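Trainee: Pasting a structure below so you can have a look.
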């Protein structure tokens, strides 16, 4: 019974088998022994709440917050015991906070419900009872045959059965899943590909056995058992047969597929997993401050309780004539009375914990995040992409970054590949002005300047490639040289997964070099930019890939069409780092063509110019080019039969399929003949060097984590400024054992200590890194911390995340930021404190899984130096100011207890207690936290060293926290004792509550006294906020002075009218009476000036005697603003005013120059910067 209950609650899910069995069209066996598996329906649920669980679930989530739970306890205490303040004083702010948050979360969930309903209600066509039935997406069941038309989105995960093409293939785009816009080809098994009508599909009797749902988009294992004429035919199913929910059908009229995963079990839904919650350093500091203030609160309550009983030890104060005890009070337990009094004091002082702080911080983060998207300086016009904020919880963390980890390809570079050079059979060629030129002497050209154009033209008169022994070795004459070239570019044109759109082949490849025709008439799509660049290069050579037709690949060689039968594709994976295809040539011969990294191809080669090619590959890498090696082997009929059998067995296996396939691939891809290598260039993005240099000046260490080979990565690091020529480059590469790695690390550590070089750079490869992280983490980290720049090459995605994790948990606990653009960067983006996705050409997975997304690496400088700086200063001031103003608020209440015998009499009216944080002092700090710019943005971006002033959470250090706290206590003492001594003898101020002053025989109203303290406090904390503001707008003026005016107007109405709905009105006519006294006005002005004068004097002396870099920059910006060089950097309105002050002579001399500068530098401004 207990197990059943746990299963129903989801804590102990029922056992599931490793596979699921799906009967196509739900034709179950009729023998009565089969029990069908239960599958969920096709509804997508992205919402968190329902109508029934919204209130309890939302309240539970909100009260998990410490502050909310604390105020709930205070509210309950006020309801249960006799406390000095009304429960409304705690209940109303708590209700306000809970309600605002619930409305916000409820609205967001309502939008999710609408989105779900739209998706679940989409019309689809399903094959049932021999015909097409129109239904809703949510009604699709596992086993249903679904028809999808061109440009429609797949409503569930389907196994492709047939399409309008004879070969059963179709094209899809998965942009909404992984961001890749290239066309992907999916194929049906031959037995179902011929079933292209509803009637023929109705006769299909088949069963699919496949794995249970999993989130991996690129992994699927299954098999289809088809019953035809009493025989069972088994066909393997892989990712090429699976059409994922969310993908879109392209270039295909219609397809039929059977639903195998539905609803929340589709791969798209399984990838909805929420990212781990990241918390900023400011939030952690805020929680620490809350604990400190909670200790202060408890201390004040304990002190007050003890002093109360100490005072009451004297009989005359234990039961004075005006406050007689009841019989119940006299007979009650002293311990219970002590606890009750402690709780009462806790309630009295509870406002020292600012409940509205959380709401204000959330509003500041949410509204402030829009400024990043609105910043036109972060807008990339070419791609029409603006910066995106995926989470607003980390805005201030952008100002605290100490380490930047960046990918190379697509992040530092453009990821636009251009074919530059190649090595064919040991001879290096370079593309110059559209011609392929050999750099070394060829067998028939001693001058080494033979153009490949001239030699390739003879191919028109040559027969097809041969397999003689001379073909496999260095060519001895021009004919053999041409054959090697032909085979090399045939391999390039056939070994890939490129797709073609708008194929128009007439006239292509008719000449030896048709560079002006191929790009204009053929449009290639590829998941890898390298593949696209290589196929386009082969097309320019004259060997043009035309496309796939049924099971063939068509290639035009100098106008001659050749069809190769595609037998098998050995897909690329990150472990093998290569891919292969097995094709049958028109002559009937079978070939294996392989392409991959030199580290995965060369060890498997037994023939060809291996050593020469290795040297050429290293030379290419030193130039910063990306390299791939090409190899082949001819297969005999017996070899192919063995390969075909092994591949079939591995691909139809349901258990350990991946391991079996890896073994088969290794068996096939050996004893290769090396053809050569290719080199493509990926140029740097604009202003990468300046951005990296700025990060270094800001005190940020930059690490480059890339999968490229060592030489390529080092060359790019030097070209982009990550490494510079004067830096001492240390290497930890090619380590084979733990002991060797440890010894090398110790040598590097000694070199760093002995070398008197200012900066060191470290290069680590993936293999050595694995050894270093296994048992030598501390030694490795010691070396890394002493290096200004670190380059990690040959990195796997999980290794990237592990490196960042290692830095995060180091003793210094630095703030890390990761930048990447591809799916392989997602792990490190999610691991870092702040993840930045580049919206590049490798899809949108990185951008979707990041915290912020930008179009170019150069935008990182403004994101950190300007937005990060502003966000941190704003929220740090917000947090400190909130605690300051609440200390000012509650400390007079604590001091007042010394003058009322600790009777728990409140100093302020309950309405003032409630509205202080909600209305009277909330708007000025909120607007400050949204609009403040303490330094001109252009100065921040041009002086990255200013970023150091806010690093390591300095604005929320204990020293700064103590300053604001002490300032709050000192101001509170001035409020209380200033009011007490300045107004105590004013006989014109008589309130309805009377306080007998010691040593004075006159009366002074306690409500009048409390209102005076409250008035001085509201004015002081508001003007204090004004003193902290550097960037004034009309909004700042409105909320700052408007808050003070609102307080006076509200108090006049509240105390000047007898409100019928109020049971008692202690404040009636008190505020009007207070303002009618001249001495009260004098006291208010004197106390406000006294409080703020000390703060002003301190700021002036510190700025003059010990100015920080930020304060120097503020003074610099004010001084330099008068020069015309700085005018071009100013907002337009300020520039016009300063231009009018300059001499006309100077303007006339340099008018053209400065007007151009003014125009260039003011383009792309937002309303906020102008």
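Each Cβ is built from the backbone N, Cα and C atoms, and glycine gets one as well.
Feature table excerpt (TrEMBL):
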- 407: active site, 4-aspartylphosphate intermediate (ACT_SITE)
- 407, 408, 409, 531, 572, 595, 626, 706, 707, 708, 794, 800, 824, 825: ATP binding site (BINDING)
- 407, 409, 821, 825: Mg(2+) binding site (BINDING)
- 32-90: domain 'P-type ATPase N-terminal' (DOMAIN)
- 123-240: domain 'P-type ATPase A' (DOMAIN)
- 847-1108: domain 'P-type ATPase C-terminal' (DOMAIN)
- 66-81: transmembrane segment (TRANSMEM)
- 288-311: transmembrane segment (TRANSMEM)
- 342-361: transmembrane segment (TRANSMEM)
- 863-884: transmembrane segment (TRANSMEM)
- 961-983: transmembrane segment (TRANSMEM)
- 1003-1027: transmembrane segment (TRANSMEM)
- 1039-1062: transmembrane segment (TRANSMEM)
- 1068-1094: transmembrane segment (TRANSMEM)
Trainee: Summarise the domain 'P-type ATPase A' (123-240) as counts of helix, strand and coil residues per DSSP.
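Mentor: The breakdown for the domain 'P-type ATPase A' (123-240) reads 17 helix, 59 strand, 42 coil.
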Trainee: Between 0 and 100, where does the mean pLDDT of the domain 'P-type ATPase N-terminal' (32-90) sit?
Mentor: 80
Trainee: For residue 707 (ATP binding site) and residue 407 (active site, 4-aspartylphosphate intermediate), what Cα-Cα distance in Å is obtained after rounding to a whole number?
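Mentor: Roughly 9 Å, rounded to the nearest whole number.
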Trainee: Helix, strand, coil: count each for the residues of the domain 'P-type ATPase N-terminal' (32-90), based on DSSP.
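Mentor: DSSP classes over the domain 'P-type ATPase N-terminal' (32-90) add up to 28 helix, 0 strand, 31 coil.
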Trainee: Report, in whole Å, the straight Cα-to-Cα distance of residue 825 (Mg(2+) binding site) from residue 409 (ATP binding site).
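Mentor: Between the Cα atoms of residue 409 (ATP binding site) and residue 825 (Mg(2+) binding site), the distance comes to 11 Å.
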Trainee: Starting from residue 825 (Mg(2+) binding site), work out which of the binding-site residues listed here (572, 626, 794) have their Cα within 10 Å, and give them in sequence order.
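Mentor: Near residue 825 (Mg(2+) binding site), where near means Cα within 10 Å, there are no binding-site residues at all.
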Trainee: Do you see any of the binding-site residues 572, 626, 794, 821 whose C-alpha is within 10 Å of residue 407 (active site, 4-aspartylphosphate intermediate), and which ones?
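Mentor: Near residue 407 (active site, 4-aspartylphosphate intermediate) by Cα: 821.
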Trainee: Can you work out which residues elsewhere in the same chain, 6+ from the ends of the transmembrane segment (288-311), have a Cβ less than 8 Å from its Cβ atoms?
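Mentor: Residues 66-67, 70, 317, 338, 341-342, 345-346, 348-350, 352-353, 879, 883, 886, 894, 897-898, 901-902, 961.
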Trainee: Could you state the CA-to-CA distance between residue 794 (ATP binding site) and residue 821 (Mg(2+) binding site) to the nearest Å?
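Mentor: Here the two Cα atoms are 17 Å apart.
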Trainee: Looking only at Cβ atoms, how many others are within 10 Å of the one on residue 794 (ATP binding site)?
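Mentor: By my count, 21.
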